[in-house]
Amino acid sequence: MYKVLEVLTADEVARCREIAASAKFVHGRITNPHNTAKDNEQLHDPAVYNQSAQLLHQALMRSEDFRNFAFPTAIAPPLITRYNPSQHYGLHTDMAYIVLPGGTLRSDLSCTIFLSDPETYEGGALQVQLGDAAMSFKLPPGHAIVYPSDTFHQVEQVTSGERLVAITFIQSRVPDPFKRSLLYTLNEVAALEGLGMDPTNYSRLQLVQQQLLRIWGEKP
Ligand SMILES: O=C(O)CCC(=O)C(=O)O
Ligand SMILES: [Fe+2]
């Protein structure tokens, strides 16, 4: 399942662009030397990385739709990356485990938060494969796409302009995608209809949601 979310305010997009404009970037292969598919640049300066990661992490966690969809238990510090003309990221799937200073995260879901205006660069869509077809995402600034980390995906070559995004990886309390998707459907019903429902039936719905989470969710 794929989910498009609006996560950043216009001010937050502006702040991320400001940070990127003055920060030092390095080639993406520096942290991933064996990955020949990867041809992009990533934010390097640790202080600036912390600052932008905090802003982006808070914005994601503020989104009720994100929480309802992903059931996040850990989020890798979001990293600002950019693609200049001729750069791309070839077809790949993401690493299962990501080692972070605070522990290791299992990547169940991957996420790209778009920061550039789509009109300002050519190419650079994120393509996520779905069997023999591919879905293509080139979203407005502040919008995010969340997709399963085990799907083949690629960033098509940028032919003009600059593609600025932030990427992150999410560990979910519900690792099984089918169970997570069912729980998301219940969450949506509760979020959209909950206030209008008969209170006893709303309580029943909440019971089912919470009980399935107890059964299917990983223990804290
Ligand atoms: O830039 C993107 O949209 C995705 C990048 C990517 O696939 C990755 O960093 O693993
Ligand atoms: Fe990826």
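Every residue, even glycine, has its Cβ placed from backbone N, Cα and C.
Summary of the site annotation: TrEMBL records Fe cation binding at His92, Asp94. Screening the candidates His34, His153 against this entry identifies His153 as the one listed for that site. Closest to Arg163 (2-oxoglutarate binding site) in space, going by CA atoms and restricting to the binding-site residues His92, Asp94, His153, is His153. Taking the centre of the Cβ atoms of His92, Asp94, His153 as the Fe cation site, the nearby residues of that chain (Cβ within 8 Å, site residues left out) are Tyr89, Leu91, Thr93, Ser110, Ser149, Thr151, Phe152, Gln154. Least crowded of the binding-site residues (His92, His153), judged by neighbouring Cβ atoms within 10 Å of its own Cβ: His92. Put plainly, the binding-site residues Asp94, Arg163 were compared by Cβ crowding within 10 Å, and the winner is Arg163. DSSP assigns His92 (Fe cation binding site) to a strand segment in the three-state reduction.
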